[in-house]
Amino acid sequence: MVKLIDKQSHIYPILIGLMGSGKTSIGKLLSKELGVPFVDLDHYIVDKAGKTIPEIFAEQGEEGFREIEREALREVIGKPVVLSTGGGAVMREENRVLLEAHAPVIWLKSSLEFLAGRIDGDPNRPMIAGRDTLKTLQELAEIRYPYYTQCADYILHRGKMNKAASLQAVLEYLRQWQHEHAYD
């Protein structure tokens, strides 16, 4: 376990990024290192709604899902957890305001080609269902990247980094962030 300055530091990182960027896998590792629970906002929504995300999309559309997501984010943000948002959580201005107010926000960024290879054919991702995965990711990136940039305190360009290297890069950033915010 990485020892940060102290347990009273209240460092509860929020991970953002496109689907497949590693928010869940790195978030779980990060929560173990920091000694706080991990919350995947999409899983939180599924548990609360009692339906899968594809079922929510089918019944309520993307707008209905985004409303549920907004409520879930308001319930979870600021709690002592490592939080992984859904890739589209940045789409609503209210969510962006919440994210910006609860630093540190870390954008896990990978090439679109890499992401497409990871998620192609995943039935639990309604935004790509029945569509060309790479083209869809390009469209989503065009819309979401400015919002990720707006919200992110740190951008981790993963490239070919494995999970362990990504985790170490995030932990190094958090040590730096904690040092800079020690007296906030």
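Each Cβ is built from the backbone N, Cα and C atoms, and glycine gets one as well.
According to TrEMBL, Gly20, Ser21, Gly22, Lys23, Thr24, Ser25 bind ATP; the candidate from Arg125, Arg131, Arg144 that the record adds to this site is Arg125. Taking the binding-site residues Lys23, Arg66, Arg125, Arg144 in turn and counting surrounding C-beta atoms within 10 angstroms, the largest count is reached at Lys23. Note: the ATP site is recorded as Gly20, Ser21, Gly22, Lys23, Thr24, Ser25, Arg125; in the same chain, Gly17, Met19, Ile26, Ser84, Leu108, Arg118 also have Cβ atoms within 8 Å of that site's Cβ centroid. Whole-number maximum of the Cα to Cα distances across the ATP-binding residues Gly20, Ser21, Gly22, Lys23, Thr24, Ser25, Arg125: 16 angstrom. A Cα-Cα distance of 10 Å separates Thr24 (ATP binding site) from Asp42 (substrate binding site). Largest Cα-Cα distance over the residues recorded as binding substrate, namely Asp42, Arg66, Gly87, Arg144, equals 17 Å.
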